[in-house]
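**Q** Here's a structure for you.
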Amino acid sequence: MQTRLGEKDINLPQYYNNRELSWLDFNYRVLQESYDKNNPLLEKLNFISIFSSNLDEFFMVRVAGLKDQVKMGYDKPENKAQMTPQEQLDAIKIKNTDYVNTQYQRYNELIKELANYDIEMVKPEDLSDALIEKLEQEFKLSVLPTLTPLGIDAYHPFPKLNNKSLNIFVDIDTEDAINSAIVQIPSLIPRFLTLNEGTKQYVVMVEDVITYFINYLFTGYEVLNTFTFRITRNADLTIHEDGAEDLLIEIERFLKERKSGSAVRLELDCRTSEKENVEWLINQLEIEDNDIYYLDGPLDLTFLFGLVDHLSHKLKYLTYEKYTPQPPRSLGNKNIYQLSLERDIFFHHPYESFEPIVDFIRQAADDPNTIAIKQTLYRVSKDSPIINSLKEAAENGKQVTVLVELKARFDEENNVHWARMLEDAGCHVIYGMTHLKTHSKIALVVKRINNELTSFVHLGTGNYNDKTAKLYTDMGIITTNKDIAEDAINFFNYLSGYSTKPEYNKLIVAPYDIRDVFIDRIDKEIRSHLQHGNGKIMMKMNSLTDKTIIEKLFEASQAGVKIQLIIRGICCLKPGIPGISENIEVVSIVGRLLEHSRIYYFHNNSEAHIYLSSADVMTRNMIKRVEILFPVEDKSIGQRLVNYMNLQLSDNQKGRYQDAQGLYHYVENNSSPLNSQSYLMQEAIKYGEELKKQSVQPSGQPVHSRRGGSWMRKLKNTFKR
């Protein structure tokens, strides 16, 4: 039965973007940053690398899942754009081929620009005899000992090649016959070698070096042909939770299995001419034409991360000017625990430092008045100071409970390591919940103050990861609100498995309630608008895929409610369609920092309801994850959030608006340039400088652009709260 609002059928596929194609469009917006004239050269190369890294995961998970559906004969269309799995795979191939070709065209342009700074990407045959001699020495010393040719014949079947591995196919004349072999390039050796001559530095890809000196591996035989190829495998395998006696052991089994999943993509150099060998390889990998990509340059451009890191020491002026996160405006120089007894404290990372959150746990671990610490961990850094503090707290006799989500994709191995280490230190470790991923960001510290127990709660939109907190925009609040403290205690009891679904005072928790609360809030906004004529909804998130909420937003738009959506990534809703979504606008901001915070605002006739959350409006977040949506009740913090969203909606440098056809366009620059991320960095720096000069919290007037302009005047005082 189709849902109808008014006379419009909102199930028509033309009102929706397909999830996978929308993600590819997001990844293209990442690639667009390599064209931005305001980005330094090395940062442009970084965006090309990010594009490739993103695409690897997309193929390992999303494409792999679609291919599995096709193999099982599943041909039911998805519920929004109504495309079957095979139709999606065909469309992905067309769109992604275009985007990848654009990526390599841009890569080759930027590599030519590098030559202006005496950095040249070359093949070994382009080097002088003296440099080839040096290269040969380096090859024999650092590369050759790591290589093992894998013969392919009756006694040597086709080898199990690792996921994302780079390999060289070799044909050898052994006199008796022409045989083949594969040389897998170890992932732990450098991807490129560098050679200096005068003022120039030459960069040579390791696969080109191995190919040039390939005879060292096949002494006595003639090498006839070689070509390089790369395999991507299915990493979207099933973790069997139901029958697992020990989830830790099951995860470790799963990690081994993932390395050799079925092949989902084969990448080849477009100059590869060995058609017969390529056909043989395709048959061995059991892939189809749709899975093959011919590339005009080195395979796997994620090597640019390492190249940029290598060159940034010499060419620092070709990177972003360093930014140091500043003291939080809500905290200033005050003690985090003392101040939180008086009022809620707001944090906006990475404009404001993540260090106070690290200190929040560190101080609790050291304080003899601390009774208990409870925390959820989804993704943490490899040398996490928070992990160290939790271990120290347990060793100091505190009651420490940590939920480590073992099923956090591509962080499983890291999380297994931390779970074992925390257990060894005496922490009570929860591995997660059956069939659910715990994606919530919450920490609870219980202290004895004046012979009474006081609970301090941190709630956030992003991970407790001190490394990504410098790159991802996220928000958090520390509060001693008694209702939220009680909710936090009940939440952790629920996670531990010793409680049925609690009744919460203020926290809203998925998989049970977040979707229902969103529906209720949208319905109330519709009623308020029909009565007062001022309905407005603003939402900021990473992705929007949940059809139930999209339909409700269509209904609100049809009722006249103004809806502004700031969605960095996937957006399955098409805005601006007359009679359906004409009152909805969608903007995506992709820039220096990765937009990661989730904010939900409902005007409610000037009695606004504002929430922060760990959850995007995706079906998986609504029904397959443990998420927290929490209210922002402090008026000054709420105003900061509203001002922040208005600022982002006014961004005419990094903002792209989606049209009714689902296409994204840069905002037309009809006013003074405004980059919301740069603006907030300037604001934070100014506050940090003022804080050094005075002990009282300053007013935090905005930094004026050198270009001035109306927007800078309008935004004066916007972020002073």
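Using the three backbone atoms N, Cα and C, a Cβ is placed for every residue, glycine included.
Fair warning: this is a prediction, and the values are worked out from it, not measured in the lab.
According to Swiss-Prot, the record shows the following:
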ACT_SITE  HIS439  active site, phosphohistidine intermediate
BINDING   ASN54, TYR472, ARG568, HIS596  ATP binding site
BINDING   ARG379, ARG409  Mg(2+) binding site
DOMAIN    434-468  domain 'PLD phosphodiesterase'
REGION    692-721  region 'Disordered'
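I would like each feature placed in context: is it buried or exposed, what are its neighbours, and how far apart are things?
**A** Of all Cβ atoms in the shown protein chains, 23 besides its own fall within 10 Å of the Cβ of HIS439 (active site, phosphohistidine intermediate).
HIS596 (ATP binding site) carries neither a helix nor a strand DSSP state and counts as coil. Residue density at HIS596 (ATP binding site): 21 other Cβ atoms are found within 10 A of its Cβ, drawing on all protein chains shown.
In sequence order, VAL61, ALA235 are the residues near ARG409 (Mg(2+) binding site), counting only same-chain partners six or more apart with C-beta under 8 A. In the three-state DSSP reading, ARG409 (Mg(2+) binding site) counts as coil.
Residues belonging to the domain 'PLD phosphodiesterase' (434-468) score a mean pLDDT of 96 in the model.
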**Q** Please report the number of other Cβ atoms within 10 Å of the Cβ of ARG568 (ATP binding site).
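**A** So the Cβ neighbour count for ARG568 (ATP binding site) comes to 23.
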**Q** Just report the maximum Cα pair distance in Å for the recorded ATP binders ASN54, TYR472, ARG568, HIS596, no decimals.
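**A** Between the most distant Cα atoms of the ATP site, 15 Å.
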**Q** If you draw a 10 Å sphere on the Cβ of ARG379 (Mg(2+) binding site), how many other Cβ atoms land inside?
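**A** So the Cβ neighbour count for ARG379 (Mg(2+) binding site) comes to 19.
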**Q** Distance between ARG568 (ATP binding site) and HIS439 (active site, phosphohistidine intermediate) at the Cα atoms, whole Å?
**A** 19
**Q** Neighbourhood of the ATP site (ASN54, TYR472, ARG568, HIS596): other residues with Cβ within 8 Å of the Cβ centroid, in order?
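**A** What remains near the Cβ centre is ASN542, GLY569, LEU594, GLU595.
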**Q** How many Å lie between the Cα of ARG379 (Mg(2+) binding site) and the Cα of HIS439 (active site, phosphohistidine intermediate)?
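**A** Taking the Cα atoms only, ARG379 (Mg(2+) binding site) lies 9 Å from HIS439 (active site, phosphohistidine intermediate).
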